[in-house]
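**Student:** This is the structure I have questions about; it appears just below.
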Amino acid sequence: MAEEVLIPSSGKITSQLTGSLLAVAFLTSLGSSMLYGYNLAVVNSPAVYIKDFYNQSVVNRNGTGLSEETLTLMYSLTVSVFAIGGLLGSVIVGILVTRFGRKGTVVNTTVLVFIASLLMGFSRICGSPEMIIVGRFITGIHSGISLSVVPMYLGEIAPKNLRGFLGLVPSIFIGTGVFTAQILGLHELLGKEEHWPLFLSVVAVPTFIQLMLLPWFPESPRYLLIEKHNVHATITALKWYRAKCDIQAEIEEMQEEQRSLSSVETLSVWKLFQDDTVRWQVLSVMVINIGMQLSGIDAIWFYTNDIFEDAGIPAPEIPYTTAGTGIIEIIAGLVGCFSIEKLGRRPLMIGGFTMMGICCGGITVSLILQAHIPFMRYVGVTCVVGIIAGFCIGPAGVPFLITAELFKQSHRPAAYIVGGSLNWLSNFTVGFVFPFLQMSAGSYSYLVFGTICLSVAAYVYVVIPETKNKTFMEISQMFTKKEAVPLTQGLIHVDQLKLKKMNGYGGMEHASLEFDSSSSVP
């Protein structure tokens, strides 16, 4: 059985992974995060068939077909409307998680997937391109909600020493979703022209599994105690997730946070921006979420086939080469998941973004020189694999985990709205603009992404502290120290500071600090 060890002298809690924690991480990621990855890649292989369907539908209605420019615009809209829906989903997630809870939001929003699947599945029978676009929009709403609520839910049910591991499970399923779309898109499976509606609508299957099983698991204990003030339900949920163990220390840590927030309601986005005590946290969430999407990964996923074609890969081999990259995604995600609690958050993000930046430069060089040096086409493919691996190791999942860790209960929903909105806006920008950027800048378009990746890596190195194995209160005090402690006192350890007067977030007012004279600086 899993055991939880309580050390009274330091208040540190170490928990082992239980079957309940693993099951919830699997179910929430299967029906939510996996769908996000699937929908990123699903429009890649049937692109020609979808464009033909669009053109034929317009011919049947008007008697004339679409111009090449209009057809490209409609397909770009089909790709990018997913991100518009995601933006809407990320905006409403704060309301949903406050009203329905973390698990409740995951369960209730499954209806969106079933509606979208029906629309896309019957679009060809109805001769309606609009049904595909609306279906993509609705799946985007679901993904926008899921990308925020799943890491929020897992971050709140996980003990601090497993928060990183569980927080990266969704990123593994994102990679699995992409890989599944690549495999099913092969001509031998659902890659034939007659199968593309089924290919788009198969997302209902994992969501159905989630809907059948997830309701049997408890809500987030932190949500139950801090927001619903239900101590009995909190204890029941903790016993479920921690097996038979002493949960008193964990409840006391939650109650400490609850007391610090006793006069603070859940903040709106506007109030979050007005709160000076969290300005570095907000800025950090903005930078890493924008950087996650403007890193160019969506350009790689949306247009993988085109990139490999430009790199000189023979057309019949492209689908299999693309599917091979999916294996890299899953392996890299597993490496990140199993190493984050040992290496920490910072190394995975810095290393991942740096690797992506270097590989973006490599793609540019390979595309420029491949006409003169045939070997460079393989360098280009290697760089594509490097970008995907670098992304899945850290930047794919750590930003969502960090968003949960940098904020306390009252600020967390608003922080997810900010991070999620910027994430999806950037996603839409890349998906819609990249084809035109590629036409105008050609091979040099990847240098833009490379510059952004290296800039984000530098920001993380300079600004964001390591949050590994720390409680939410400890992370809050790390940023409080950053804001309030004068530079001349920068060497004083945080354990030597006692906060005498705290505002709603844990920030000091009037620089009220009391030094523990019984401690000495080592």
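Keep in mind that glycine also has a Cβ here, set from the backbone N, Cα and C atoms.
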**Student:** Of the ranges 39-61, 131-153, which one does TrEMBL flag as transmembrane segment?
**Tutor:** 131-153
**Student:** In the same chain, who gets a Cβ under 8 Å from the transmembrane segment (375-402) while lying at least 6 residues past its ends?
**Tutor:** 147-148, 150-151, 155, 163-164, 167-168, 170-172, 174-175, 284-285, 288-289, 291-292, 295-297, 300, 304, 307-308, 310-313, 321, 325, 328-333, 335-337, 340, 345, 347-356, 358-360, 362-363, 365-367, 369, 419, 423, 464, 467
**Student:** Which listed stretch (21-38, 131-153, 348-369) has the most C-beta pairs under 8 A with the transmembrane segment (196-217)?
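**Tutor:** By Cβ pairs under 8 Å, 21-38 leads among 21-38, 131-153, 348-369.
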**Student:** Where among 165-184, 348-369, 443-464 do we find the most Cβ pairs under 8 Å to the transmembrane segment (323-341)?
**Tutor:** 165-184
**Student:** Considering only the recorded stretches 73-98, 165-184, 414-437, 443-464, state which has the highest number of Cβ pairs under 8 Å to the transmembrane segment (21-38).
**Tutor:** 165-184
**Student:** Of the listed stretches (73-98, 105-125, 165-184, 348-369), which one yields the highest count of Cβ-Cβ distances below 8 Å with the transmembrane segment (443-464)?
**Tutor:** 348-369
**Student:** I'm a bit unsure how to read this: which one of 165-184, 348-369, 414-437 has the highest number of Cβ pairs shorter than 8 Å with the transmembrane segment (73-98)?
**Tutor:** 414-437
